[in-house]
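Feature annotation from TrEMBL assigns domain 'tRNA synthetases class I catalytic' to 19-129. Residues or ranges marked as Zn(2+) binding site in TrEMBL: C132, C135, C150, H153. According to TrEMBL, the feature domain 'Methionyl/Leucyl tRNA synthetase' maps to 147-370. If you look up TrEMBL, you'll see 306-310 marked as motif ''KMSKS' region'. The feature domain 'Methionyl-tRNA synthetase anticodon-binding' is assigned by TrEMBL to 404-522.
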Amino acid sequence: MSSKAIQSRFSISTPIYYVNDLPHMGSAYTTIAADAIARFNRLKGKSVLMITGTDEHGQKIQRTAEAAGRSPQAHCDQYAAAFVSLWEKMNIQTDRFIRTTSARHEAIVYEFFQRVWESGDIYMGQQQGWYCVSCEEFKEERELLDDHHCPLHPNKAAEWRDEQNYFFRLSKYQSALEQLYSDRPDFIQPESRRNEVLSFVSQGLQDFSISRVNVEWGFPLPVNPDHTIYVWFDALLSYVTACVDLEAEPTLENALSGGWPVDIHLIGKDILRFHAVYWPAMLMSANLPLPGQVFGHGFLTKDGQKMGKSLGNVIDPVDLVARYGSDAIRYYFLKEIEFGRDGDFNEARFINILNADLANDLGNLLNRTLKMVYKYCDRQVPTVAISEIPAEDILRSKGEMLGEQVTQAYQALAFSQACEAILSLVRASNKYVDEQAPWTLYKQGKQVELERVLYGVLESARLAAYLLSPLIPNVSTSIYQQLGYSVDFNQQDAAAPFETHSLWGALPTGQTLGEAMPVFQRLELPAPPT
Ligand code: MSP
């Protein structure tokens with residue numbers, strides 16, 4: 001592969017989700033964000049690998065399957081399918097869906113284990129401590145609530161364990177990790193998460209156990225089949241497996257040529273240590289390159305508590321998407337919650353924001369402008385040379401900066417900022433129509449001014465739709481089609497290249513417009529139950 005081709009690749013992963021239960025809005029949140037970033041990079045013409053999947057081994061899954069009276073594999077098959085189906089409903093474009101029970105993954109786990117074994121980083125020891133099965137993690141006594149309950153799963157008690165396990169020599173990598181964080185300050189994002197990790201690591205790293213004796217549902221340890229491989233050791237490797245081309249043999253070599261290391265691991269803040277500390281150390285031990293960045297976002301909360309399957313306070317994304325459609329959900333969660341921070345879900349607020357931003361500001365802007373263009377300009381984009389629009393014109397000056405501003409925001413995963421910048425052009429356009437009053441210009445016979453105004457507004461609506469397309473691809477497609485394009489933002493083709501379409505002034509003059517129709521139907525709050 002040429003270096004140019006390698007440069008134009010982009011890869012992003014979500015965590016792989018536990019299949020102990022159906023997906024909830026918290027799991028959908030990470031995946032929507034990853035999809036938006038993947039789509040943005042596709043718009044930019046990159047060859048993108050968007051990786052997600054399911055985490056199917058370990059005690060939590062084993063117990064859930066037992067309680068349901070199913071074999072673990074049958075249980076995993078059923079629940080993995082629920083994730084695949086939700087991603088389709090949420091309009092997620094997945095390139096690789098990796099399941100940890102697949103034979104391809106097993107091959108990678110064994111090859112990787114062997115390398116770490118040969119590095120001398122695995123040894124047998126005695127593990128004593130409190131284990132939270134919901135986190136699949138040993139906890140320090142001081143991390144637990146009274147009665148040894150885990151703060152993330154306050155209705156579940158951690159369990160005391162005292163058993164022989166194989167350990168990974170994490171402590172050996174203390175200084176190499178510190179060096180990594182200082183050489184690559186962007187490795188952990190946002191800053192608050194980086195600080196958490198620095199503080200954790202500065203307290204001194206302890207080796208961690210990577211095998212279990214009481215869990216059958218996992219890959220047997222090659223060096224001692226009485227043990228299975230710890231679910232997290234196995235799970236992290238899914239990112240490597242996912243990089244192997246689908247037709248290639250599952251080997252580390254092929255993962256390297258297929259795209260490992262990924263650019264961004266997008267995760268929730270609860271699993272930061274695994275990704276920012278354990279994982280880079282494991283990769284160093286196996287002599288594999290490290291990922292570009294680990295970004296830990298916040299939690300979705302309901303009434304202030306982390307939304308989670310264990311707490312039973314989840315919002316059902318299948319129900320939400322059936323009632324409101326995928327664009328609404330994608331937009332709300334990415335616009336409303338500053339990415340990196342926690343955010344609460346409130347249905348009334350959800351509806352207000354969508355109605356205000358998409359139905360009123362964006363939808364009405366397009367609709368009213370199209371109708372004027374039908375009437376005053378014979379359904380065609382007015383013939384206006386951009387050079388005739390003064391540089392200080394509010395729409396031109398805002399529009400000319402927008403592509404770059406929004407690019408920077410997407411690159412920093414600052415979705416709210418991207419939306420705010422785009423919406424600010426949309427709001428300015430609505431105000432501009434009110435102030436310039438094209439209907440008056442028409443009556444006064446000022447056709448040149450009229451066309452300049454209408455062009456500016458149409459073009460601003462187009463640019464807004466283009467830059468919002470990673471978040472609301474269906475709405476953006478509808479806007480583009482009404483503007484006379486045959487572009488579909490759900491097709492991964494190059495029909496609307498970034499170099500031209502991200503610039504204000506790209507709307508071709510003389511283009512015949514399509515039929516005006518509402519781009520986003522106003523939402524109503526469901527009637528309260530009687
Ligand atoms: N299986 C592990 C990840 C292994 S990755 C190699 C896991 N799975 S999980 O299903 O419990 O969680 C997956 C992701 O969903 C995590 O990033 C977690 O932070 C995220 N969320 C789960 N509940 C969440 C909220 N309430 N809000 C936002 N994200 C949350 O951990």
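For all residues, glycine too, the Cβ spot is worked out from N, Cα and C.
Annotations in TrEMBL come from automatic prediction, not curation.
The Cβ of C150 (Zn(2+) binding site) has 22 neighbouring Cβ atoms from other residues within 10 Å, across all protein chains displayed.
Taken together, the residues of the domain 'tRNA synthetases class I catalytic' (19-129) have an average pLDDT of 96. The binding-site residues considered are C132, C135; of these, C135 has the fewest other C-beta atoms within 10 angstroms of its C-beta. Following the DSSP three-state reduction, the secondary structure of C132 (Zn(2+) binding site) is strand.
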